[in-house]
Amino acid sequence: MKNGYKLSALAVAILASASVSANVSADPTPVNSPFITDVKGNIVEDYSAKPAEPEFFSMRMFSTPAEDRGDWFNMSANYSSIQGVGSDIVYDFMLPPLKPQPIIVAVLDSGVDIDHEDLKNKLWTNEDEIPGNGIDDDGNGYIDDVHGWNFLGNSLGINVDQDTLEVTREYKKYLELKEGNHWIPPKKRKYYQGVEADYLENVEYYTTALEQVTAATEQANGYKAQILALVEHKDFTVDGLQVLLSHSNADVVAAAQGLLGVFDSWYSFEYLESRTSRYKESLDYHYNLDFDTRRDIVMDDITNPWEKGYGNNDVKGPVGAHGTHVAGIIAAERNNGLGIEGIADHAQIMAVRMVPNGDERDKDIANAVRYAVDNGAKIINMSFGKSYSPRKHIVDHAFRYAARKGVLIVHSAGNSKTDNDIKPSFPNRFAKHKWSRPISTWMDVGASAKYADDSMVASFSNFGQETVDVFAPGYRVLSSTPDNNYAAYSGTSMAAPVVSGVAALVWSHYPELSAKELKALLMSKSRTYPELLVKKPSSPEDLVPFSTLSISGGIVDAEAIFAELASR
């Protein structure tokens, strides 16, 4: 089947005849957007022009120019124009004299490279487990869980990498019900019809996108071949092609102009390759109705939401880039001369792998939360989300358990530039059953950029005056990636660990605070901008007060929290 994804005969007929409405976004991402995103919408490659950076004054001396700091989230908005959280100032001038306490932060994510040079000394260790003996020494149901657990593998050490999206899994259920002539209650039928429209729209989008990038690649390769047939040339970047524009051979000039014309829209050969890979991946795996590696690898009973004990202790998994990046923001070792400086010096990272390259399963979310709570985590960072949650009740149950145990839950708001007040993403604090109260220790975090101007809210960030608690730095953030590497990512996935890091920093010095009290400080002491108008992510032509895009109306501020606690 073309591109690796497969549709039943019924689905093909629907796709051919249906008029599909835009359910995912009123303003779909352009096929040739300068942002290369992962399946969760986090920007992992950025081909956009770097924004102009204003001059500023800073009292702090840095080893590199302050404007170039990748870990700019540590900087102070009080002493520079960069809207960081001020953790550098806290360490320099504001720490109380008492000995800090270690705070366990569970990173529920795609995996963490526990051997990374900037993280290996910042890990939670299960002291009751003897490494490598193949025995569940502490009797918690997980064998050799020394630094955490991986819910996406088996006892042979084989792990799930790619997986489908929840919309694909739900649409497959719907097709099976229809093809089996099963009766579907009206409310459920309406739900499935929305799933169907969502799925088919996305398949159509990615199919068209792949066709366009394939055509552009063929055109670019054609111009490149013309140039190489006429002249020896190695640098086919935009800058490298400039020298050919003054070549004496008119055919060389014409071919160079043609290739630059392609790059006006498609940036570079590397960009074309990344786009092609991204679109193929979506069709081959994420929207493929017949793709299901979990069934053959994990071998759990996916119909039993209360099953536990499956998985293995490979907390990095096949890649682990996203989770390693998140962990570095929270806890990368400070003052070691390597990489970046994480926010919380006394945070211990508990690595819990449950997010594949696709959508996480509700069962795995619930088990991961319970694992984290039962093993002592005080903060759970969740930099993931999805559009559907078919077993939300079991996830809600786990979150209520965490809240009762006094655990702070920090979640990324999402990267679809939508209003979460109108269209929720999952998981969230609101119970499926309306009579249950929202999770009291939950925080949703939007992403902010470096400067207090009309672009301070990241263009991709979700928002919500009733559903997003606070904003935090999440644009072009440098952090750790596997194999002792570092990279700049953008996303609310980066903003959430900034909040988790600040929370861990505060809690390590003021352990008497409850989770609710800590949440209240993170919100009430956020830095506000009463007069600032910003571009609304869902309609960037509209300028709106920054204060209207979240509950607190501000950006998390470690300096203000420590100043408040010192005054008590």
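Just so it is clear, glycine is given a Cβ too, placed from its N, Cα and C backbone atoms.
Curation does not apply to TrEMBL; its annotations are automatic.
Annotation comment: TrEMBL describes Asp109, His322, Ser493 as active site, charge relay system. What TrEMBL lists as domain 'Peptidase S8/S53' is 103-527. Annotation source TrEMBL lists signal peptide at 1-22.
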Same-chain residues at least 6 apart in sequence whose Cβ lies under 8 Å from Ser493 (active site, charge relay system): Lys40, Asn42, His322, His325, Val326, Ser383, Phe384, Ser412, Asn415, Gly474
Reported mean pLDDT - the domain 'Peptidase S8/S53' (103-527): 97
Nonlocal neighbours by CB distance (under 8 Å) for Asp109 (active site, charge relay system), same chain, sequence gap 6 or more: His322, Gly323, Val326, Ala327, Ala351, Val352, Arg353, Met354, Val355, Asn381, Met382, Ser383, Phe384
Assigned element (helix, strand, coil) containing Asp109 (active site, charge relay system), judged by DSSP: strand
His322 (active site, charge relay system), number of other Cβ atoms within 10 Å: 27
